[in-house]
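J.: Have a look at this one before I ask anything.
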Amino acid sequence: MAEQTSDQTTPLLRRNWWRSRLSALPFTGSLRLKTSLLTELGGSVGDLGTYIPIVLALTLVSNLDLSTTLIFTAFYNIITGAIFGIPMPVQPMKSIAAVAVSEIPHLTVPQIAAAGISTAGTLLFLGVTGLMSFFYRFIPLPVVRGVQLSQGLAFAFSAIKYIRYNQDFTSTKASATSPRSWLGLDGVILALTCVSFLILVTGSGEVVEDNEDEDRNDRRRVRRRLRTLSAIPSALIVFLLGLILCFVRDPSIIHDIKFGPSKIHILKITWEDWKTGFLRGAIPQIPLSVLNSVIAVCKLSADLFPEKEVSATRVSVSVGLMNLVGCWFGAMPCCHGAGGLAGQYRFGGRSGASVAFLGLGKLVLGLVFGSSFVRILSQFPIGILGVLLLFAGIELAMASRDMNSKEESFVMLVCAAVSLTGSSAALGFGCGIVLFLLLKLRELDCFDSCFGRSNDETSLNPRYI
């Protein structure tokens, strides 16, 4: 029997053809959505509470090119999302930014770049030599938790200042004599409304899962309702509200927008720039980057994503490489921060796609609006930024809740207290290490000999029998 031929033709784009092609691309698994698209989009803006104020301050004070920073950080976001497979944040190097904006004379763009390159070179060296992994394995967990607690509380304190007081980011100081008005498009009531909305939608940030064995129908209904609420991209809604209010507060910014990116060029860094950038910017930044941008990030990612191992070596090398490229073109020095990871996780980020979406958004803004986008950010309600920063800080601080013994809690709290009062994570880290070693020294046998206890006395003491 002759074979029957079909009159139907095979479509050029078969069903699911694009999915099969995408799945064959490298890093596709890292960018695969773990939750809904809206939830991942909501998580993508979870770290903007720290990103926007620092970028805005550096742009206004140090004449940092916003277009270049947006474009390079966009690529950082997309690449790190593809490599790590978690919402690994890309945040400003805070210590360098603080020195550049608050100290007189202000750091110039070449000096900021020199500080970022010096810090990046140090982290790259620690990463490729394996020293960073060595530090990560042997640094006591209570000390790391103390650093995380101090950073989280520091973010929360800054967030409350954003909400209560008017801010001048050109001086990085809150004006205690100028409290924010309750009414208005950047008033306290608007911020408190956003806080209430985020709490109603996201609760305390817990993950709500269906329980098939749940007997009570009313409890199952509650769980379904909570899962529906958690799917709402609450942080994205709050952020978009802030963008809309930018144009409502000052409609004239529409006329100041100029389309197109800035011209990218290589910076000329003199020897004096290297010296100033290293002494004033890199030296205070390096300890913070080692502790918060690498070690604390790896510890936090192990807590939030135990199935995804993020090594200290990869994170350290990542920070080094992205700054050794971008800083030469005038991009802001960046790192990975535990606070940003906590914020993006808090609002729904669960995969590398979350930060990849953020990167795409930055890329569009940098290419379309260029440096004129700073005119829009200058009108962004600071109270809303405080709201986003508050939730990110609290989420980071709550990572320290796993201290199970009084000794661990003691070390963690002392480390956090010194870090907060001394305004230095490195100082708190050093005190935490010394305290941890002193407590462990008490448990060693050689400690008894320091007080003249003989072997015979020890053997006769019922405590040692």
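Glycine is treated like the rest: Cβ placed from N, Cα and C.
Below are the features listed in TrEMBL for this protein:
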- 66-86: transmembrane segment (TRANSMEM)
- 112-136: transmembrane segment (TRANSMEM)
- 142-163: transmembrane segment (TRANSMEM)
- 183-208: transmembrane segment (TRANSMEM)
- 228-248: transmembrane segment (TRANSMEM)
- 355-374: transmembrane segment (TRANSMEM)
- 380-398: transmembrane segment (TRANSMEM)
- 410-439: transmembrane segment (TRANSMEM)
J.: For the transmembrane segment (142-163), could you work out the same-chain residues 6 or more beyond its ends whose Cβ comes under 8 Å from its Cβ atoms?
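T.: Here the qualifying positions are 49-50, 53, 174, 180, 188, 191-192, 291-292, 295-296, 299-300, 338-339, 342, 382-383, 385-387, 389-390, 392-400, 402-403, 407-409, 411-417, 419-420, 425, 428-429, 432-433, 436.
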J.: Other than its close neighbours in sequence, what residues sit by the transmembrane segment (183-208), given a CB gap under 8 Å and a spacing of at least six beyond its ends?
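T.: Result: 163-164, 223, 226-227, 229-230, 232, 234-235, 237-238, 241, 245, 248-249, 346-347, 381-384, 386-387, 390-391, 395, 398.
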J.: By a Cβ-Cβ criterion of under 8 Å, what residues six or more beyond either terminus of the transmembrane segment (228-248) are in contact with it?
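T.: Distal contacts: 35-36, 38-39, 41-46, 48, 185-186, 194, 197-198, 200-203, 207-208, 254, 347-348, 376-377, 379-381, 384-385, 387-388, 391.
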J.: Please indicate, using numbers and ranges, the residues of the same chain that are 6 or more beyond the transmembrane segment (355-374) and have a C-beta under 8 Å from a C-beta there.
T.: 31, 40-41, 44-45, 56, 59-60, 65-71, 73-78, 80-82, 87-90, 256-262, 344, 349
J.: List, by number or range, the same-chain residues at least 6 past the transmembrane segment (380-398) whose CB is under 8 A from its CB atoms?
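T.: Contacts of the transmembrane segment (380-398) (Cβ under 8 Å, skipping residues fewer than 6 from its ends): 45-50, 52-53, 56, 148-149, 151-163, 166-167, 180, 185-188, 190-191, 194-195, 198, 202, 205, 235, 238-239, 241-243, 245-246, 249, 300, 338-340, 342-343, 345-347.
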